[in-house]
Amino acid sequence: MAINCFNLESAHATIAAAETKRAPIIIDLLMEHMEKHLSRDELLPSIINMAEKASVDVALNLDHGKSEQYVIDSLNAGMLSVMMDASSYPFDENVRITKDVVELAHKKGATVEAEVGNMGAVAGSNFTQEDMYTKPDQAISFIKQTNVDCLAVSFGSSHGTMPVGYEPHFDFNIVKRIKKVTGKPLVLHGGSGSGNENIRKSIEAGINKINVGSDVMDAQSVAIFNQLVEDKHSDFVNVMSSSIIAAKKVVEEYIELSGSVDKAALQTITQ
């Protein structure tokens, strides 16, 4: 599991959940969050410190690095796992940008995730449409040309919190074909609200990393809201603690769903 964390509270909850379930975990740091909230320079040292003290494997990954320079700066800052997301560019440009980043990252002993295809978002009802799905032949060609370490594929999920009762349709054949030909680790983005059965079948089809953010942040927001409705003068420490408890519960549920319970090794960290 890979959990989007934008502050120390969400990172604390994620690591605590992983320790409770004895599961390895990835903390995704989204470029957009670090530009709007706590910066990479403010956030990274503290989370690395938290990860180093954890009793389970904790990896840190730059999520959706949209700027090549930002990704390079993240590598230079010590991150050993980054996502170069140039999926909005034409295919050939995506290849060129990703290949350059991969070459630099591998010299530093770091790994790179990329994306082929496009994903929509729940916001504005801009859900992922079939014409946005990853084309297997393109993905296979992309992997061969870039030597990327893992690939995010679009096959039905969308970023954001799904409407209650809505479950997206997944085309698992996309994952199966890419996996069969390349053998590369594949990534599901937009895991929040995708539905338990879809996630289980995604893993069976060949997905190795599942990104979840919105469900965790939504749980934190609801916990904070409920605490303040009960007492608008609640001690702020208690308010934030309630958000940690809520986030931890959701992360634990996803860890169980992913089948990674009791799969942690002894202390190690990949930044």
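Even glycines carry a Cβ here, placed using N, Cα and C.
TrEMBL entries are annotated by machine, without manual review.
Here is what TrEMBL records for this protein:
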ACT_SITE  D63  active site, proton donor
BINDING   H64, H159, H189  Zn(2+) 1 binding site
BINDING   D85, E115  Zn(2+) 2 binding site
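Just so you know, the Cβ of E115 (Zn(2+) 2 binding site) picks up 25 other Cβ atoms within 10 Å once every protein chain is counted. Between the CA atoms of E115 (Zn(2+) 2 binding site) and H189 (Zn(2+) 1 binding site) there is a gap of 10 Å.
If you draw a 10 Å sphere around the CB of H189 (Zn(2+) 1 binding site), it holds 27 other CB atoms from the protein chains shown. Comparing H189 (Zn(2+) 1 binding site) with D85 (Zn(2+) 2 binding site), their Cα atoms are 12 Å apart once rounded.
Within the same chain, residues at least six positions away from D85 (Zn(2+) 2 binding site) with a Cβ under 8 Å of its Cβ are H64, G65, K66, A114, E115, A152.
H64 (Zn(2+) 1 binding site) is surrounded by 23 other CB atoms, counting those within 10 A of its CB over all protein chains shown. Proximity of D63 (active site, proton donor) to non-local residues of its own chain (separation of 6 or more, Cβ distance below 8 Å) is seen for A2, N4, D28, L29, L30, M31, M83, N211, given in sequence order.
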